[in-house]
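J.: According to Swiss-Prot:
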type	residues	note
COMPBIAS	21-33	compositional bias 'Low complexity'
COMPBIAS	59-71	compositional bias 'Basic residues'
COMPBIAS	241-257	compositional bias 'Low complexity'
COMPBIAS	1069-1080	compositional bias 'Basic and acidic residues'
COMPBIAS	1081-1090	compositional bias 'Acidic residues'
CARBOHYD	Asn115	N-linked glycosylation site
CARBOHYD	Asn123	N-linked glycosylation site
CARBOHYD	Asn143	N-linked glycosylation site
CARBOHYD	Asn176	N-linked glycosylation site
CARBOHYD	Asn230	N-linked glycosylation site
CARBOHYD	Asn402	N-linked glycosylation site
CARBOHYD	Asn710	N-linked glycosylation site
CARBOHYD	Asn723	N-linked glycosylation site
CARBOHYD	Asn789	N-linked glycosylation site
CARBOHYD	Asn919	N-linked glycosylation site
CARBOHYD	Asn964	N-linked glycosylation site
CARBOHYD	Asn993	N-linked glycosylation site
REGION	21-71	region 'Disordered'
REGION	217-259	region 'Disordered'
REGION	1069-1090	region 'Disordered'
TOPO_DOM	1-77	topological domain 'Cytoplasmic'
TOPO_DOM	99-1090	topological domain 'Lumenal'
TRANSMEM	78-98	transmembrane segment
Amino acid sequence: MEDVDLGKDRTQLIDFVYANGNGSASNLNNRNNIPLSEKAAKEPLQTQPQEAPPAPKPKVQKQKPPVKPKKRIACSPGSAICLFLLAVAAIIFAAFLGHYLTKQNYEMMQFKSANESMTTCKNFTRSHKKHQDIVNEEDADENASIKQPTKEELALPKNVQPVWYDVSLSPKVGGNGTMGLAHVKLNIEEPTNKIVLNAKDIEFTRNLEKIQLSKEVTKRAKKSVDSGTNSTSEMPEGSGEEAMATTATTTTTESTTPVSSFVDTGIKVTNIEFDENLEKVTLTLDQELKKGSTVVLKIPFTSKVSNNNGLKEYKYKNSEGKEQSMFTTQPSYSYLRHVFPSFDQEAFKAPAAITLMHSKGSIVVANTGVKTKDDGDAQTSTLNKVLDPDFVIGDLVASEVNTTSGITIRIWTRPEVKHSTEQSLDYANQAIDAMEHILQSRLESKSLDIVAVPGFQTGNRVSPSFIVLPEEDILYNEQSNDINQKTRIARMISNRIAAQWFGGITNPEEFGTFWLNEALPRFLEVEALEKILDINSDDLWTYEMEKILERDATATSQPLRVKNVFSSADIAEIDHEFIGKKGAAVLRMIQKSVGVNVFNKAIRSFVSSYRSAYPYDDGLWKSFEKALGGKLKGWNNEPLDVAKFVNTWVDQIGFPLVSVEKLDDETVELSQERFKNDHKTKEQFKFRNAKYWFNWEVPLFLKSSGPVGNVSWLHEAFRLPLNTSDSIYLNTDSNGVYRVNYEEKRWNDIAKQLEKSHGKLSERTRARLISDVFALANSGALPFETALNVTSYLPMETATVPWLIATRIFKKLTERLEGAPIQDKLNSFIYQKIHKKFEEISSSPGEASSNYLKNRLYANLLDLMAIVKPEKSNEKLNELFVEGFLAPCQFSGNFSSDCSEVPGDLREKVYCNGVEFGNDTVFETVRELAEKEVDGAEKDLLQNSLACFRDPRALRRLILDNLNSTSTVTLLLRKMNSRPVGKEIATNWIIDNWSTVLKKKFKNDPETLNAIADAGIILDNEREKSMIETFMEHHHKSTHGIESLDKKIEEATTDIYWRKQKINELNDYLDGKMKGPAKDDEMESSEEQE
């Protein structure tokens, strides 16, 4: 059946099969019963026999009346001339009337346009239409060639320089756009008759008279001042700095205050052109602006609020079920051009003062000072000048706490969830204390505002003293949440607070240099987590290193330092999360190589002396050289050059596989090569010829039972003295970002040692051995028998980290072999390994509920038990769902976070299982509870459980209904792909709706398309892989740059190849046909026979 392509009939078949399980088949059948019309029901069918018709009666012929002679109508010449003149007069009158009405209509349109209409400005120079062949595709523009703009094309001309912005904005609820008016003061550096600004998704007026150029005139108004001591606030114009209080003693005098006014220059705008690709708007003037002059540009506009960069509206429902909105700037790269027309490039930075018109009762929180006045039915808030304005408008209230260093932390939330911020305040307080201790530095500001926005999508920008986070990453409910939510809050807050010390990326061109802006907060968040929740950072890194290594072993991986990034399309291709996590792992490897004390000393020196240096990362490596003082030697026995060491890890993709090969009884050789999951997919051309030819400077972290000398680094292959009786281990405690391979015999010896005395190796070393041996077996470098033998000792393992790695590997095996003939054998094998550990953790749930890593292990074991023993798992989960959720919540009218009695760490699985095996009534109950829930974490759990339902039609509606929230729809798609029915729906829905829904809605947002494709597409076989490849060919323009699609194809290629190569080998092992590790005497006898 796998090779049969059912096309659209396949989707209908899925609908019919799964809908029956929910009692919905009747609806489907009723739709197919189309009643006959009354006429069709009464008339007999033509094929039925009929009686012969009666014979016709003879017709009686009637006599025809005599034909009358025709009358001729005559017209005199005079009458004809009169008729002709009347016709001419009618034509002239009709022409005059048409002209008059057209003129009136045109003048009315001009009047409306001048006063209220705003239209998208396009290039008025239109190309002539040419004949084009009909394209047999859904979108004709898919055939257009893909051309990325160059750096020079994207750059703004330097003949005009902004001094300041004064912008008024009036956001409208419901995605109706933001009406705005911008005043921009400009210095003219070179003579020009054009002004070029950045603009994206902004509409301009056609009434060019509304766009004005003025001169700023400063007048002085007199003001009386009494003698005495006066306090004033001074702010240098255009500086963007905070006001500085000054005190002076004066006598009674008259002081003067400068007041600015604007006088029209008489220069007119004759044309306005918009270039969508370059994100520029060009104003053409009727006169040339002179060098050295200063003008103020006034331009009205309307900006969108529905995109994912710039100003965005987030909708939610309050506790009474009323829909409300919050508006917030979306802090990402080059975002000002989405809010108002601006010179949105690093070389043209200028402070902006923002005036916001908003509804009465709402609050404005910003990264600068805010003054609000009441205008009756509305309010006006004015933001002080700042380089990168960042703000939130909404119904907000604050909770606050003061740190020991005197910083006031305020967390702003909706009024109905204010009580759930106590935990976040405490974690923010501890995070600042932890950062101040690690960095030996304090924040420059004495206040920090953290705003919680429902459904917010976290960006990469950092605003001083101002943080915006998703509400679900802030709120904690003691009754409904668990250790996972505590960890989620602590990590997110620690990450964003750490970023306050290091700044953020404000311009695409900086990304190549500023990779550390992602990595440093990631690294420090784990350090802070150890202080806040007592989570061992080394254990956590060992577990989380798995995803980093798996991703980096693919052909679609990316280097940490990405250069030549100029546009938003380039940025969309960058995997920010991966770069941040791998970068943090590299920083940890540096820490383990140089020592904690030296590392902290270097970081502190960087914060105090080099943080503002450019290039940014050069300052950090100088700090390390200073802290090391030439004491640590590198691979060449010279003082370690930290910059060169790190460059080998950040300028090329992937990581090394260090191989240990025994040459004879007294010598081993160490060598390195790039490790890949397989070699079926090629890297992007620009990454194939790596800068260092896939050679790294590798810290070995070596442990040996015999003398091997002072060995710390691997650069080129070299040999070590090692006797046969001695053992050697590399990358102990999982400190390095690489894998290690030993000879097959050595792996078998390791398996025996683990069975005999696994405690002699640290738990992180044991975890790294399990991870490496399975990665090597999956890649074909080792037999799978060798990897499975290493797990023989697992029933005796008591530590958490090795089990975390093993359960993750077992789960991946079950996913790859789902539906395969050996699935039952594999399930029995895994059950024998895990059932004792599962019973052990289940018997003491209190420990798992308070320890994050043990809680993760419990979750992994529950997932595995649901696969290998589904009947036992489902019965228990269903019982919890009925008794702990439906019974107390279904008719109570309460919020789920208040009425649910299901333990917090089990809610995700219990809710999903209950919805999956429930009926339509259960689905609607959970949907209604999710809709009115005010607790962010509980709302997520309820919404995601809806994706477990088994009615395909309901799942499709669920995706469509949640497209306005990228974070929600991606979570739903991931959850669907974890269930058998949802997996059949998600990928097909994306393909079917790419042109009609997704591409249109997210036309200028490739990052969101990338996230949706990554979450929603799962490819399990050749047919599905071929389907996506064909889809990408037909939509090559809109899928260009969606790197998650290439990643999915590579993953599918790897899995398909793996199944072809490994199923027989695994079958033989599970059947007991393999002997296991060979003994020394057996190997010697086999060699003699050869």
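Numbers run from 1 along the shown chain.
Keep in mind that glycine also has a Cβ here, set from the backbone N, Cα and C atoms.
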J.: DSSP on Asn723 (N-linked glycosylation site), three-state: which is it?
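T.: SS state of Asn723 (N-linked glycosylation site) = coil.
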J.: Using DSSP, would you call Asn402 (N-linked glycosylation site) helix, strand or coil?
T.: strand
J.: Using DSSP, would you call Asn176 (N-linked glycosylation site) helix, strand or coil?
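T.: DSSP call for Asn176 (N-linked glycosylation site): coil, neither helix nor strand.
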J.: Enter the number of other CB atoms within 10 angstroms of the CB of Asn919 (N-linked glycosylation site).
T.: 15
J.: Quick one: of the glycosylation sites Asn402, Asn964, Asn993, which has its CA closest to the CA of Asn723 (N-linked glycosylation site)?
T.: Asn402
J.: Taking only the glycosylation sites Asn176, Asn402, Asn919, Asn964, Asn993, which one has a CA atom nearest to the CA atom of Asn789 (N-linked glycosylation site)?
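T.: That would be Asn919, the closest of Asn176, Asn402, Asn919, Asn964, Asn993 to Asn789 (N-linked glycosylation site).
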J.: List nothing but the one residue from Asn402, Asn789, Asn993 whose Cβ has the fewest other Cβ atoms within 10 Å; the candidates are the glycosylation sites.
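T.: Least crowded of the glycosylation sites Asn402, Asn789, Asn993, by Cβ count within 10 Å, is Asn402.
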J.: Rounded to a whole number, how many Å is the Cα of Asn176 (N-linked glycosylation site) away from the Cα of Asn964 (N-linked glycosylation site)?
T.: 14
J.: Near Asn964 (N-linked glycosylation site), how many other Cβ atoms are within 10 Å of its Cβ?
T.: 14
J.: Near Asn723 (N-linked glycosylation site), how many other Cβ atoms are within 10 Å of its Cβ?
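T.: The answer is 13 other Cβ atoms.
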J.: Rounded to a whole number, how many Å is the Cα of Asn993 (N-linked glycosylation site) away from the Cα of Asn402 (N-linked glycosylation site)?
T.: 50
J.: Including all protein chains shown, what's the count of other C-beta atoms within 10 A of the C-beta of Asn176 (N-linked glycosylation site)?
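T.: A 10 Å sphere around the Cβ of Asn176 (N-linked glycosylation site) contains 13 other Cβ atoms.
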